[in-house]
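Annotation source TrEMBL lists substrate binding site at A:Arg336. What TrEMBL records for A:21-328 is domain 'Aminotransferase class V'. Summarising the annotation, TrEMBL assigns N6-(pyridoxal phosphate)lysine to A:Lys193.
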There are 2 protein chains.
Amino acid sequence: MKDEYQLLRIPGPTPIPPSVQQAMMKPMIGHRDHTTKALLKRIKPSLRHIFGTKEDVMIVAGSGTAGLEAAVVNTISPGDEVLVIVTGSFGERFAKICESYNMNVHRYEYDWGKAFLPEEIKSYLKKHPSIKAVFATYCETSTGVLNPVRELASVVREVSDALIIVDGVSAIGATPMMMDDWGIDICVTGSQKALMLPPGLTFIAVSQKAWNRIEKNHHSRFYLDLRRYRTNLIEDSTPFTPALSLLFGLEQSLNLLKLEGLENVYNRHQMMKKMTRAAFKALGIPLLTNDTDASPTVTAIQPRDFNPDQFRNIVKEEFGLILAGGQNHLKGKIFRIGHLGYCTPQDVLQTISCIEIGIQRIGKNIPLGDGVRAAQELYIKEG
Amino acid sequence: MKDEYQLLRIPGPTPIPPSVQQAMMKPMIGHRDHTTKALLKRIKPSLRHIFGTKEDVMIVAGSGTAGLEAAVVNTISPGDEVLVIVTGSFGERFAKICESYNMNVHRYEYDWGKAFLPEEIKSYLKKHPSIKAVFATYCETSTGVLNPVRELASVVREVSDALIIVDGVSAIGATPMMMDDWGIDICVTGSQKALMLPPGLTFIAVSQKAWNRIEKNHHSRFYLDLRRYRTNLIEDSTPFTPALSLLFGLEQSLNLLKLEGLENVYNRHQMMKKMTRAAFKALGIPLLTNDTDASPTVTAIQPRDFNPDQFRNIVKEEFGLILAGGQNHLKGKIFRIGHLGYCTPQDVLQTISCIEIGIQRIGKNIPLGDGVRAAQELYIKEG
């Protein structure tokens, strides 16, 4: 059963719901056909709802990084000053993209595992009025932190005209995002997270303020030129060939989110986070982040007395349970559990029960079942 | 997530492995084509191995009941005396099929939840030498009993020339069957159990002794005439149109069983049985069967102080966990957990963790996590 059976608990790709998988099996259609136009038109309102914007959300065939790069190259030019808030490896990535294009990057770094403090960013911006954009990560997947992007937008607006650009990968669709109300200018996500699809699509929503900048920005770009996507989207079309099977799946995954109700989806993710954290607290194994900073989609565990990578190998070999490791300087120091997308409290209980056995296997004597019980009790209490 | 997410824990259909599902998506082929012949030829050896016979196993498009009926109408004629050992509703079914064809049916009944006693059957046969066939159920799915068919065959052979015909549905592929060595004459199973396929195929293996009877039997039959299947199978063909997509899947599910190794498959089922039983013992909730009689594929639980059907509704609504109810006079008195086919110890842990919450929900105060821990401990101890 080893090669066939997998419990995929990394922070994306997540398992794919059967009806989404089925939808993706539909035969190919002409991408300039009225059927494709009708599909793109049907998808629009749900995506707007998830991003919390009245603007249309652009869909680009590419990974999440392509979306982040689009946010950069469409708004900023070489030499421009930008502030990148780095709370982990995906903040790092935003910085590296900006540096690749020779922007003047101010990095504001936080210890990995901590959320950023909006008031500190505010003070920094006051001292650096020429910063044209602030890049922030909503869910920092490498550490399991959910950063306060809403509060960030609010305080940045008080002191600066900078665009607020948010990496919403691993967050949007699993936790609230109200772009328009919060005053966020660009927000990006990928298909393989809360949207429960295979990787291959990135989604980009842009405020009116950001569009004004984009129109005036002369930075070279072609495939990622958002102006092309916008113009085409008005007519329910795409500038380049769209990834059709992923769009078939997207329509169905949006249906599923609607059927469950976004509030319920958000609550489910909160519940899975709390259950996971309760379990590790009960087992006496340290979490990387504190309760306030914790993301509803991914939890990082920092064991004191066993090697997380050895542990991950054990549960992978024995249970087909796929967990994520640490990145950069956290490599070999943490492991991460994804609990997002097509994932339920039932799956969290299973994950914990397998993890408990894995911890025994690695030689640490823990009270078997205590993590599961803590998660069950939390579920009953808050459910 | 309610309509999309399901934990299917009934004693068949079981969940289908992804690669089997994929295999079934192959485009249709001509059923008289050499491709179909080649497929049937490739399938043969694995099926023989699972049934423990050197004879070819016939594949009929139909449910398990069609296989049971084939065993009856090919071997027996109206008025013939047969002995049907009834330990539950599937023994009942064998009796009803025989009665439909006006056979002279001796029922040997046991309390539901108990296995039959081969020595008693032996004594009975001694007193009724004109009995031409003994019908027995290997796994009595309605009660979770595994009957001692090996011992039965051994003692019947001592005193009688009767054919020994075994309903191996819910057993074959999950627990050993050595037809030839044990001296069983006909053995039947269905596709939706240990073979991890959708329902729609039944498998029938026949001993040389039974073939001799079948050749001489003039009972009317057409679709279920095993002689037709045998003749065609020699040339890797079928008398009627085969259920091709199920055969595509069958080849892959047989591959998976081979890859895991049959011994390992049997051990996995034993483990799942023991974990399930350990959990309910720890929770103080009575099992219907004793340890000796228990089937490795399905466990029946007989709660004292809550209604099993209400309970099943609760876990279905809350977790998408599908359990089976009781049949006939056990309706409303037991619930049954399937742990067979594409199912693992990890799934058993998840099932128990959800069941524990469900029992709390129905108002019975149990020590949360104790069932999971008992299953974890059993798994570690015996794994």
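Every residue gets a Cβ built from N, Cα and C, even glycine.
It should be emphasised that the depicted structure is a prediction, and the values quoted were computed from it without experimental measurement.
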Inter-residue C-alpha distance, the residue listed as 'N6-(pyridoxal phosphate)lysine' and A:Arg336 (substrate binding site) (nearest angstrom): 15
Fewest Cβ neighbours within 10 Å, where candidates are the recorded positions A:Lys193, A:Arg336: A:Arg336
Reported mean pLDDT - the domain 'Aminotransferase class V' (A:21-328): 97
A:Lys193 (N6-(pyridoxal phosphate)lysine) in three-state DSSP notation: coil
